[in-house]
């Protein structure tokens, strides 16, 4: 019954027959209050209604939009929101009510009125959607009943017929007082004041050098000015100081960097605001050096002073540049909460992500902290922060220096260092929420079902999601299903007629939680559940059991939603059941044998792939196997075809790279052809002949590619089509493939082909950049090509294709390219400066902090730098044991899940880009699918030496 009605409602209205309408009507009759409608009205809804199954967080419509549909809720919950009038921080969203099963909404379409509220799905939802024209006909024929249903729904959710509550809420919000400016206090120190009593020698020297250069330049901004009737010596506006510093040195790229450097001088008292009211701002506020304020600056600088100042600036300016971001952060933390801008709050939040003492807190709490946390500096040793017995007022995190903990009668009992925190126990009365650190798989699942389902867990509690994303590591799906079945059928041996009401409620609750677990499981890992026959069988059996239980109406709706997704997935699988892939002789790219290059196509374990296997004399055989075939099977078949008369245990399956390096595959390795390096080949060899394997001649020349002049193509068009192509590759990668890659495919007997292809794409782009540049013998053309690649990187960054952006910049940083000094010298300074910025962004120092902070500001869709995500997974795996004393180390699973969630977040929205001009569209598409590459660094270095020999 469940699958039949879903199949019926999934059809277009014009394709439904009488049997379909009867099935849909039966389903609608189970929903109160729709069941009160006459059969003819239900039949009409069944004929014209559309079915929608929506994930959590989907906005159906917004206040002010013109309505087109009426809705009835068949499953799940929605939230009705009202956006109040403008406040200081924009529009305030107020939740008016929640709509559950049976609720109807959208009747404003009867009178062509705009929507008066915003409706968003609060959970996974099933809706019946009826178009305006059809709803008007149904309403007119059943006006009295329909009016009654609409009115009752409004009253049930707290609205009168005229929706008076809305205006009340709006009035209340408008009357809320805006925050008044707080007086500065120890909790909100003056951000314009220094944090040290006297400047450090290094900052004093830097201030002297900058002032010397400013004063010696007659055209500089540092001048005597009359302000408010007073004569101020040697002062300058912040905007002009920023401009001057930008022109002083090429290492200062942005106005933000320059402002941060001046703030670093201001916070140590070397520079100050004329009225002592402002931190450093890139605005027309006046600033001057402290030495000019107190009259200790001395006379005009001599030529020796200027020379010494220039020399000091060259040496010490990078250190000041490095101090700028931290000084800016401290300045923000000294501002009252209500004065911090949204951009400043985001900057503070990014910093909080790197503080170990806060790592256990949720994202929402860290964002709250960003608005209230303040900076406090104590210049003197021996300052007492609080005394034993004082009422707790603050929680401290130590950023620099040390703190002694002293107890009466015991003296110093501990010394806290950088990164330590103290004082929080005095602020709380109850213990923090219990967090699972380790446990047996069965106990963890039991704990989940009892405490994390049924609305018991908060929205930011990651434990359930961590478990669902990583359970395959410690609790394989068959074991998980057995445990879920045992929980669902806990009443199997009980006579429920004799059980107490309390016991009956317990068994019913257990069933509900299992269904909710299945829903969350499918939501978390999607098709991985549907790919497992045991899981599919269990879900279908569960649907039958739930359908037979009258008390589980809402759970039946949930299971129907899951079955809908299953049905659609199985249809999609059926359409692509005979996919064949090929690995062309030149090694790149892996592509569909059918030539279908326009659809998002996932490589599946049972897909066939056609590839070659070579032996030592470079003869080969062509094989066709499913992706999930083991290396042992490939090895045996290839040896038989190539007539290598050795026992299987005496043979090896090997990848030979273009550099001559040999990698031996394990017998239980799968997805072998996709795991090859960029220009690698598969060889079969007796163990004692391994050293005889050599690369093919074709491996030292560029891979085959379409004959297209890259310089003649529009750079933006190339970036656009690259991003679409790379997005399809990224979209096909399942989060589980990161686990398979990290722990080893052979542990799961699962393929990583989609991830393999995406990683190969990164290497392909990187070596394409190098190959094209070192293959260009003309210096002017080579410089033009470097400039084009920098522009291409800029467009990829704009499109948030960070994987390609990194690949291009790393290609330009390759030693074979970076050594071409003649080429780089000819490059315009604008492009050299831009490339320097890009190099800073991919700088691996501090665990790629620059990149992590930059990507943290982006909204999806994003194509992330995949090698870094894999590095995070590897570090978490190798640095932590999977089990401790026989218990699952769940802290490790949490670290793994964090990276997997990052992948999920990057593609939580579909990629939509404005298409460029259709000129050369097909030519560009073919070009970007298969670049000309050499991945042998020795060959690339040799080619680089030929086009630009080393200078003697």
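Even glycines carry a Cβ here, placed using N, Cα and C.
If you look up TrEMBL, you'll see 166-180 marked as compositional bias 'Low complexity'.
Under DSSP, the residues of the domain 'Cyclic nucleotide-binding' (51-156) split into helix, strand and coil as follows: 29 helix, 49 strand, 28 coil. Among the features that TrEMBL reports, domain 'Cyclic nucleotide-binding' is placed at 51-156 (among others).
Sequence annotations record features per position, and here TrEMBL assigns domain 'DEP' to 216-291.
Summarising the annotation, TrEMBL assigns domain 'Cyclic nucleotide-binding' to 357-433 (among others). The predicted model assigns the domain 'Cyclic nucleotide-binding' (357-433) a mean pLDDT of 67.
TrEMBL lists 432-567 with the feature domain 'N-terminal Ras-GEF'. Residues of the domain 'N-terminal Ras-GEF' (432-567) grouped by DSSP class, helix first, strand second and coil last, total 97 helix, 2 strand, 37 coil.
Marked as domain 'Ras-associating' by TrEMBL: 607-689.
If you look up TrEMBL, you'll see 714-950 marked as domain 'Ras-GEF'.
The region 'Disordered' annotation in TrEMBL covers 166-199.
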Secondary structure split (DSSP) over the domain 'DEP' (216-291) reads 27 helix, 20 strand, 29 coil
Please work out the helix, strand and coil residue numbers for the domain 'Ras-associating' (607-689) from the DSSP assignment.
20 helix, 29 strand, 34 coil
